[in-house]
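K.L.:
Would you mind keeping the following structure in view while I ask a few things?
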Amino acid sequence: MEAQSAVTDKKKMLANYVPIYVMLPLGIVSNDNVLLDKDGLKKQLLKLKEAGIDGVMSDVWWGIVESPGPKQYDWSAYRSLVELVKECGLKLQAIMSFHQCGGNVGDEVYIPIPQWVLDIGETDPDIFYTNRAGNRNKEYLTLGVDHQAIFNGRTAIQIYSDYMKSFREVMSDLIEAGVIIDIEVGLGAAGELRYPSYPQSQGWVFPGIGEFQCYDKYLKAAFKEAATKAGHPEWELPDNAGEYNDTPESTEFFGINGTYLTVKGKFFLTWYSNMLLCHGDDTLDEANKAFLGCELKLAAKVSGIHWWYKSDSHAAELTAGYYNLNDRDGYRPIARMLSRHDRAILNFTCLEMRDSEQDAAAKSGPQELVQQVLSGGWREHIEVAGENALSRYDSDAYNQMLLNARPNGVTEEGRPQMHTVTYLRSSDDLFEEENFELFKIFVKKMHADQEYCSDPKMYGQELGPLQRSKPKIPIDDLLDATERLEPFPWDEETDMKVDG
């Protein structure tokens, strides 16, 4: 009887097992495409394996792989990396990183997008996101060129598609071997589905509201066309939304009774956020085609913009393309869009943050934001994953991540529960003895006190071949998901604390 009860308990606890991955350092492959310090990396991977983690996550930089010229791919360094991950008995989440590294929080290295693309930008600078003052952001191509065949005859979407197809071709044996289990598709700055509204490279500092990034000629033309179609050819893009480091109330657009509440303001914000939805949808459709039949999952990352969340206008979210207000959900439409792509996962950030740690002046609400976004994903019947936004090694951060991974603690069915958690990131600090000991406990608690489990079937995450995406969801159906619903209930604290 006791043996039977132990089996039942183990089964129940495995239902609550959340796989944990660790983000590898940004610069493990050099700009000239060499896997650096392979022995040191192997030691790092084996040490992480010893902590019981399920795998690692790594950027696969477009700016390195396709740097020689259009369709000239060199995957050799990344093949070596994936083979090393396999040798160490780990799995890999690979990020298709179509953005520049450098210019965002935590960027320690500089990896630009391919030079041949930057060269096209010399003659046509409008291929880059642009703010109202005309400053160009070379981190990522504007979604305005998604369907413009101006890159040696290819569109931006075709560039992303060709890159992913080539990755699949070169890595097919390692995908079949179950080493690469997840493809996170880069969709904007920092790999996130957003506009680059708060670039440090242009002087933004926390908690500035950021700026709209739709003043390149392609997006200007798209807005003019949309406004004309709506019977308002006289409408222009906003000219009263302030600058990067303003506060909401200091601007006409986001202030009390601001432009964002007018018919014209609502039209602009709907257009701006819908363009981002379409960009994500189109790129994921190509990813689905590229990896069709592979036993892996696709993921899209959404940024945790928690500052000004508790102010009426949610200004920092709006400039990034998340049209989220107290009476309008800006995230559930993203989840609904993802729901048509077979087993696509919404990956969210700032899992470690608590409201009490934030400066009150920034009106931050990371806890409420996480609850809203994860609940929206579960309501749309998709899986959600997450990661911490900033490097942390303390029990408060770990306990908050554990709470968000299992909002109601350990349950009979293991629901609601995150699909995976990725810890940011592997570093010398993490491996300091005291930090690493606590991290090992954190891994064990994510695993619901179970040992590492190599078979995802045991915890309900069996991988089947990727099926073709369902037909495109009409924009009106996506926008039905803007209705604000109460988030799922969240416990006050986790029942699996790292500090007991």
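Every residue gets a Cβ built from N, Cα and C, even glycine.
What TrEMBL says about a protein is an automatic prediction, not a curated fact.
Pulled the feature table from TrEMBL, pasting it below:
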- ASP59, HIS99, ASP107, LYS301, HIS306, THR349, ASN388, ALA389, ARG425: substrate binding site (BINDING)
- GLU192: active site, proton donor (ACT_SITE)
- GLU387: active site, proton acceptor (ACT_SITE)
K.L.:
I'm trying to understand the geometry here, so how far is the Cα atom of ASP59 (substrate binding site) from the Cα atom of GLU387 (active site, proton acceptor), in Å to the nearest whole number?
P.N.:
15
K.L.:
Enter the number of other CB atoms within 10 angstroms of the CB of ARG425 (substrate binding site).
P.N.:
19
K.L.:
Which residues of the same chain, at least 6 positions away in sequence, have a Cβ lying under 8 Å from the Cβ of GLU192 (active site, proton donor)?
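P.N.:
Within the chain, GLU192 (active site, proton donor) has Cβ neighbours under 8 Å at LYS301, VAL302, SER303, THR349.
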